[in-house]
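> First the structure, then my questions, so here it is.
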């Protein structure tokens, strides 16, 4: 039951984070804004995660895990409901940022909870299930938001997430057991992680990989909705079905990484992901789907292994270590990484300006 609640809670969190992604072109039309400004509806949520991760890195090991998870879920209901009533893009960005700050209390603490509350032999598989939930949430959120927007309005997506968040909060309250493996520690242990070189390497690997992954998928709607594809919102949303390969990759990696080693799987995942990005440079619907699938396979092979590797090299203050990883990881997807003036261009701008080399840079950054 605990693993199911972890899966559902993380899935809901990522539905909220990435659900609006397919409707970014619609935000441009409805609010009269630029590509970069529309993308802030995603990137400011991620920035909220970064800021709150720093806060949790200092204090998370002092607080009981279940209480943090439950309170964060309950508070998340407020901005989710507010988004249903807002008709201002400025207020939409405010509430999206607030959502990000609260989501960290769910995702980060649940990752630590999963690493502490299950037997060591099951750790790889448990954390792979966690990563699969991030994929399931990202996939369901995009498809759900695209479908709702096509048939109703984008505001209704946030009302539905409010209901889902409420139900998940009830499950956490009644069925998630209290922490038994948590070792509370003091503030002095927070800085120790910056002396752990293997852990620091995972922080920067997480940053570089998410930089590439977000750069790719955040601008996929713009590329797919323009020539030569001219996809509708629903059709664009269906492109995110390539996330299914990430679920497969995560689960297989969880079983294999205990045998071949986490570092080998991390390296292999990065090489596969870079290959996927290069495949998309061939202008075809088939290569777009193929490249996105390969990128997703590599991304979550690496991410599953990196998540488990953290608990392998950390002996104390695991909540702080997980929070710092989340901070570096999501910093890769903050607004500067998605500004069209930077090397991460929209697909449309890359094509129209003839800068295929710039998009290749995303793969190199991995």
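Positions of Cβ are set from backbone N, Cα and C atoms, glycine also.
Okay, so TrEMBL annotates it like this:
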- 1-366: domain 'Major facilitator superfamily (MFS) profile' (DOMAIN)
- 31-56: transmembrane segment (TRANSMEM)
- 68-85: transmembrane segment (TRANSMEM)
- 91-113: transmembrane segment (TRANSMEM)
- 125-144: transmembrane segment (TRANSMEM)
- 156-176: transmembrane segment (TRANSMEM)
- 197-217: transmembrane segment (TRANSMEM)
- 237-256: transmembrane segment (TRANSMEM)
- 268-295: transmembrane segment (TRANSMEM)
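I'd like to know what surrounds each of these features in this structure.
Remote same-chain residues near the transmembrane segment (91-113) are listed as 6, 9-10, 13-14, 16-17, 20, 40-42, 44-53, 56, 60, 65-66, 68-69, 71-73, 75-76, 78-80, 82-83, 127, 130, 134, 179, 307, 318-319, 322-323, 326 (criterion: CB distance under 8 Å, separation of at least six residues from the stretch ends).
Nonlocal intrachain contacts for the transmembrane segment (237-256), taken as residues 6+ away from its ends with a CB within less than 8 angstroms of a stretch CB, comprise 21-22, 124-129, 131-132, 135-136, 138-139, 142-143, 145-147, 217, 220, 224, 231, 265, 269, 288-289, 292-294, 296-301, 303-305, 308.
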> In the same chain, who gets a Cβ under 8 Å from the transmembrane segment (125-144) while lying at least 6 residues past its ends?
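Residues packing against the transmembrane segment (125-144) from afar: 3, 6-19, 21-22, 107, 110-111, 114-115, 118, 157, 160, 237-238, 240-241, 243-244, 246-247, 250-251, 253-255, 296, 300, 303-304, 307-308, 311.
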> State the non-local partners of the transmembrane segment (156-176) in its own chain: residues 6+ outside its ends, Cβ under 8 Å from one of its Cβ atoms.
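Cβ under 8 Å, 6 or more out: 1-2, 5, 8-9, 12, 15-16, 19-20, 66, 69-70, 73-74, 76-77, 80-81, 83-84, 144-145, 148-149.
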